[in-house]
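Straight from TrEMBL, the features:
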BINDING   B:59, B:60, B:109, B:137, B:140, B:265, B:266  carbamoyl phosphate binding site
BINDING   B:87, B:170, B:224  L-aspartate binding site
DOMAIN    B:7-150  domain 'Aspartate/ornithine carbamoyltransferase carbamoyl-P binding'
DOMAIN    B:157-303  domain 'Aspartate/ornithine carbamoyltransferase Asp/Orn-binding'
């Protein structure tokens, strides 16, 4: 297995800061906007975005966690069953500008499931997608991100791993992992 | 572990404590779904489930049907009173005919203990036992434990007494297995004529005095007197039963302790429970009904994964 560092801690910090400023350009004071982190890995990105926005704006943007397990289109088609995670949304989505947040955009199927799951909480005014890594040429569905940290060319045999300081990693980092037998 | 160890839910006796834990964690998520504005997920969109009820039931069938519809499954209902069973068709033939219509799961209630076990040996579809005679009623036991966990934080270490007609109850047996697998202490209480002869072999305490039982327990699960199953007289009169085993608010208040009151329904109001006890703060009877849908959604969802 080969593991190549594609974004280090310093670059990730700059990336998150830039994404936050892009969000502020579109959402102003976030009075009508909410953030939804997609479980399980988008949770950490959403929390980082929320804390960075809080440092810049001096206010907490409403942030929830959305689990898509029951809305996935690959139920009973995977080798291993997926366990559901908690959904925690303590605000109304109805009429809000929703920013869906995930770490990696790959086939687009998780985002499709997320759009489906989110509708159960009301009809948002509009929906945007923010991802740290956009894996190019791998999409199965016509889904594109609104805000991108970095675009990465990757093979199907490769995997992108986003690690967060304090979550089983010494520091923030994004890795491109290639299985050695492929 | 994210998978059940069984392909069918035939009884609590067959599943592991880890299975129970997995069902509870999944039900937690489904309970969240049930409290959303849109109470439906598409998980079982391509699955057809037959509710095959050879014995009358209202609330269990409704609860299963709602759980199936909340998961977006296609549902067909079959009741023996209006079916070919009346014309002499065998159980296996009846179910095989249903399966020939491409049904993926069977939820079955039958008056004969072991009927779903028999069926599971002959058909491929997943089977959920919705009550087989006086044997087991696994989803009821799961939702009872889930409700205790919700009210008291955990089941382990709690003292639970099952009061009433233990002899004719499938709920009692499944509850005993479920509670013991989760580390609770179990007592049964009722007139000695309604207690099975060898019940102590299951590792439960036995008590015939309801006041002493209530003083011992954290949770009292009161069962319905199954008047329809009592051709023989097991006690002199309903009035006498109520006098000795009925629970009312006055009795609960006199205990001077926190006690959780449960009942699998339907209640014979004024017989095993008085109205003021059934509707008191001690009671979690309506929570049990609500949790029933979430538990049944979890069971169907997890079994579909094992299909």
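Using N, Cα and C of the backbone, Cβ positions are placed for all residues, glycine too.
Distribution of TrEMBL features across the structure.
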residue: B:59; record: carbamoyl phosphate binding site; contacts (Cβ under 8 Å, 6+ apart): B:265, B:266, B:289, B:292
residue: B:60; record: carbamoyl phosphate binding site; contacts (Cβ under 8 Å, 6+ apart): B:109, B:130, B:131, B:137, B:139, B:140
residue: B:87; record: L-aspartate binding site; contacts (Cβ under 8 Å, 6+ apart): none
residue: B:170; record: L-aspartate binding site; contacts (Cβ under 8 Å, 6+ apart): B:131, B:132, B:133, B:134, B:135, B:136, B:137, B:140
residue: B:224; record: L-aspartate binding site; contacts (Cβ under 8 Å, 6+ apart): B:164, B:165, B:263, B:264, B:265, B:266, B:267, B:268, B:272
Once DSSP output is merged into helix, strand and coil, residue B:109 (carbamoyl phosphate binding site) belongs to strand
Its Cβ having more other Cβ atoms within 10 Å than any other among the binding-site residues B:265, B:266, the winner is B:265
Counted with DSSP (H/G/I as helix, E/B as strand, rest coil), the domain 'Aspartate/ornithine carbamoyltransferase Asp/Orn-binding' (B:157-303) has 67 helix, 24 strand, 56 coil
Record-listed L-aspartate binders B:87, B:170, B:224 have a maximum CA to CA distance, in Å, of 32
Taking the centre of the Cβ atoms of B:59, B:60, B:109, B:137, B:140, B:265, B:266 as the carbamoyl phosphate site, the remaining residues of that chain with Cβ inside 8 Å are B:57, B:63, B:130, B:131, B:171, B:264
Cβ neighbour count (10 Å, all chains) around residue B:137 (carbamoyl phosphate binding site) is 27
CB neighbours within 10 A of residue B:109 (carbamoyl phosphate binding site), counting all protein chains shown, number 26
Restricted to the domain 'Aspartate/ornithine carbamoyltransferase Asp/Orn-binding' (B:157-303), the mean pLDDT of the model is 92
Once DSSP output is merged into helix, strand and coil, residue B:60 (carbamoyl phosphate binding site) belongs to helix
Residue counts for the domain 'Aspartate/ornithine carbamoyltransferase carbamoyl-P binding' (B:7-150) under DSSP, helix then strand then coil, are 68 helix, 27 strand, 49 coil
